[in-house]
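J.: The structure follows.
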């Protein structure tokens with residue numbers, strides 16, 4: 001989170017010189033950043049789901065890489081939601097609750113981080129009886145957070 | 001790379017049942033995937049550049065996280081360019097040379113992976129006299145690959 005604060009501070013610093021566009025740009029960048037990390041997450045999730053559902057051959061090394069990528073993304077999530085990166089900055093699926101209920105949002109993100117960390121551990125076993133349930137658990141943390149904090153249409 | 005082959009195989013498998021759209025969707029997904037990973041890379045690069053140029057206060061932990069994120073993205077790069085995910089599938093900056101000169105492309109990607117791995121090591125020292133040059137080295141590998149394989153406009 002500190003990272004984002006610095007970015008915003010830098011943008012605001014810059015805005016003294018060049019007007020308010022710098023801050024706006026920073027918020028637009030943050031929105032693009034979180035959308036990109038969600039996209040990377042989703043792509044890997046889709047492939048893991050296909051392996052769990054046996055629609056694609058299971059490959060241990062690939063699954064481990066995907067689980068690890070999703071966990072890395074989970075650790076970036078909070079950096080993508082600086083204050084001000086709401087629908088006033090640019091179209092976004094993020095609900096205002098992200099910023100009005102920060103503790104609840106943080107709790108949901110931490111649940112995702114923990115579940116995806118456990119998925120990395122499960123993936124290393126190569127045992128689908130451990131991987132499957134932990135994959136579902138992780139997917140559940142995505143859904144829980146999206147239900148509360150992501151609107152279906154861009155506002 | 002195996003990962004991508006499976007995805008493509010799954011898409012092609014699916015396309016037997018539902019026509020050629022599944023394969024096309026898979027290619028469009030791959031293009032979105034690589035664009036998203038480049039976006040995540042770029043966002044972190046921009047912030048690291050600001051710290052190296054002293055436009056933003058240097059923070060060791062933040063810099064380490066950014067270097068590590070960029071290195072993780074570098075390890076995904078090749079997964080984002082399956083055969084067929086060219087301008088025939090959807091607008092893309094990727095030049096045909098990605099697929100017609102795979103060895104050269106691979107060499108450039110590996111250079112990025114190695115340079116960003118060394119940047120992670122440099123970041124851990126917290127010593128800007130080691131970080132600065134390695135950051136420039138890494139940025140150079142981006143530029144080299146983009147010069148050969150990325151067109152400025154989407155084709």
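Glycine too: its Cβ is placed from the backbone N, Cα and C atoms.
Automatic, uncurated: that is what TrEMBL annotation is.
Okay, these came from TrEMBL:
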BINDING   A:142, A:145, A:146  heme c binding site
SIGNAL    A:1-22  signal peptide
J.: An 8 Å radius from the center of the A:142, A:145, A:146 Cβ atoms defines the neighbourhood of the heme c site; name the other residues of that chain inside it, in order.
T.: A:108, A:112, A:141, A:143, A:144, A:147, A:149, A:150
J.: Same chain only, sequence gap of 6 or more: which residues have a CB within under 8 Å of the CB of residue A:142 (heme c binding site)?
T.: A:41, A:45, A:112
J.: If you draw a 10 Å sphere on the Cβ of residue A:146 (heme c binding site), how many other Cβ atoms land inside?
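T.: Step by step: centre on the Cβ of residue A:146 (heme c binding site), count other Cβ atoms within 10 Å, giving 15.
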